[in-house]
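Step one of this worksheet: look at the structure below.
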Amino acid sequence: TFLLGLPPHPRRMLYLSVLVAFAACNAPPVPLDDILIEKTFVPEQCVRAVKVGDYVRYHYNGMFPDGKKFDSSYDRGSTYNVFVGKKQLIQGMDKALVGMCINERRLVKIPPHLAYGKQGYGDIIPPDSILHFDVLLLDVWNPEDGVQINTYHTPSTCSRKVEVSDYVRYHYNGTLLDGTLFDSSHTRMRTYDTYVGIGWLIAGMDQGLLGMCVGERRIITMPPSLGYGENGDGSDIPGQASLVFDVILLDLHNPRDGITVTNQKVPESCTRKSIAGDFVRYHYNGSLLDGTFFDSSYSRNRTYDTYVGRGYVIAGMDEGLIGVCVGERRTITIPPHLAYGEEGTGTKIPGSAVLVFDVHIIDFHNPSDNTQITVTYKPETCDKQAKKGDFVKYHYNASLMDGTDIDSTHNYGKTYDIVLGANQVVPGMEDGLMNMCVGEKRHVVIPPHLGYGERGVTDEVPGSAVLVFDIELIDMEEGLPEGYMFIWNDDVSPDLFSEMDKNDDKQVEPSEFTDYILRQVNDGKGRLAPGFDPYRIIDNMFSNQDRNGDGKITEAEFKLKADEAAAHDEL
């Protein structure tokens with residue numbers, strides 16, 4: 001129309017448009033000299049691209065230019081697996097796959113001379129057909145590949161690395177190279193536990209775990225030759241699949257391991273070390289090798305108390321507590337065969353777990369121990385020494401073996417007063433005070449069986465605690481001979497009964513008896529046993545004389561101690 005110089009007309013323009021469209025639809029396809037590639041999806045990261053000689057696994061839909069599908073790996077339910085560049089594919093596909101990344105998607109157009117040419121392919125692909133392939137690359141590896149390791153977290157300390165024949169506990173996520181998850185120990189909430197390097201694992205994992213530290217995280221990638229090979233595992237892992245394991249190592253030991261003791265902090269003064277048969281009180285924090293906490297005596301606010309070397313605790317702890325000093329701190333690492341073994345405890349401690357105990361020794365003793373007495377000061381003059389029955393007054397500072405203060409008489413501003421041998425203090429203190437001089441100072445260590453025993457004193461002295469006393473004898477009053485609560489300083493009056501019987505009624509009332517004895521004491525003629533309530537002593541003396549228990553003493557009932565057939569604490 002324009003060429004004829006006619007003005008444009010809407011009807012003529014519409015007719016022209018239809019003719020152009022018709023021509024375009026019926027024009028023969030433009031011949032391709034080479035393949036055309038359209039990248040329909042490219043992943044953000046491409047850690048590896050296909051090279052000639054690589055083996056690939058991919059899905060595809062094969063179509064003609066009009067969109068008609070002639071083949072599909074999806075329909076068969078399995079990837080197409082093949083070497084690239086080895087003439088195992090049509091030439092155009094061999095070229096199209098080179099350079100692809102995992103999870104990359106390409107629309108590939110292949111001319112006939114790079115496809116099935118003039119021959120076509122049976123009844124499926126006509127001669128001289130242009131082919132379109134929608135390709136998704138899922139896997140790539142090379143026969144020369146070995147295990148690839150990418151460590152992305154390394155712990156700050158690594159005292160030991162996995163070696164052949166070690167037993168390890170680890171968590172993992174297992175995926176195919178395209179990210180498809182096929183297994184995970186995390187979902188089972190249980191570590192995978194196994195020996196390394198002796199064929200219990202697929203070869204790639206056997207290699208990939210070597211050299212790991214506890215707490216290390218690494219990605220282990222392996223070709224199928226080191227994984228499940230041509231056949232896969234029969235379910236989740238297809239044949240010829242590369243495998244990727246994201247691993248964190250939680251535990252590591254060897255069956256030949258013994259306990260290890262580290263981080264020892266020994267006090268400057270250590271006069272004694274624990275031996276088998278000792279009873280030990282200690283605090284501890286217990287954790288797994290990866291730092292997972294499982295128990296603590298501190299949280300219970302109570303030490304753990306046990307005999308050592310006698311099988312009362314796990315074998316590793318039995319060994320680890322031998323040779324310790326009071327106040328010592330140490331870390332004891334125990335392999336499972338010396339702890340809770342393959343079964344664990346069922347809740348907090350998993351099977352085959354290495355245990356780590358941070359231990360603080362509070363005290364220990366042996367059932368055969370006696371009171372330990374160290375004289376820290378003794379006066380030059382020491383004429384009288386404390387003995388059974390003496391009334392002694394002393395100051396003390398009391399503590400536990402770890403230095404924890406218990407009590408002190410200095411806090412109250414007065415001495416502690418007792419009668420030796422009267423069971424007024426623990427047996428160990430009786431031992432510690434015996435044969436002391438006034439002014440003497442002693443350091444006394446009392447084992448629990450001579451102290452407060454297994455029960456201790458509520459809120460003051462823990463059960464089975466060794467006690468430490470620093471004592472000073474301030475004063476001492478000599479006691480009476482054993483068996484006596486009253487003695488005469490002078491000769492006994494022959495008219496003793498008459499002197500007591502003030503009203504001369506031939507019987508002595510309690511008040512008469514009490515007044516008489518107190519008067520003798522006050523006049524220096526007699527002595528009551530020191531350290532006891534004098535009225536209780538006198539009441540006891542009266543009761544012993546009142547033979548018939550009528551509350552009165554007759555002359556027939558009255559006898560001196562020397563006249564008694566059986567000894568009494570009386571006159």
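The backbone N, Cα and C atoms fix where each Cβ goes, and this holds for glycine too.
Per DSSP, the secondary structure of the domain 'PPIase FKBP-type' (53-141) breaks down as 14 helix, 37 strand, 38 coil. Per TrEMBL, domain 'PPIase FKBP-type' is recorded for 53-141 (among others).
Feature annotation from TrEMBL assigns domain 'PPIase FKBP-type' to 165-253 (among others).
The domain 'PPIase FKBP-type' annotation in TrEMBL covers 277-365 (among others). Taking DSSP states H, G and I as helix and E and B as strand, the domain 'PPIase FKBP-type' (277-365) has 13 helix, 35 strand, 41 coil.
Counting residue by residue with DSSP, the domain 'PPIase FKBP-type' (389-477) contains 13 helix, 37 strand, 39 coil. Feature annotation from TrEMBL assigns domain 'PPIase FKBP-type' to 389-477 (among others).
The feature domain 'EF-hand' is assigned by TrEMBL to 533-568.
For the domain 'PPIase FKBP-type' (389-477), the predicted model reports an average pLDDT of 95.
Taking H, G and I as helix, E and B as strand and the rest as coil, DSSP gives the domain 'PPIase FKBP-type' (165-253) the counts 13 helix, 35 strand, 41 coil.
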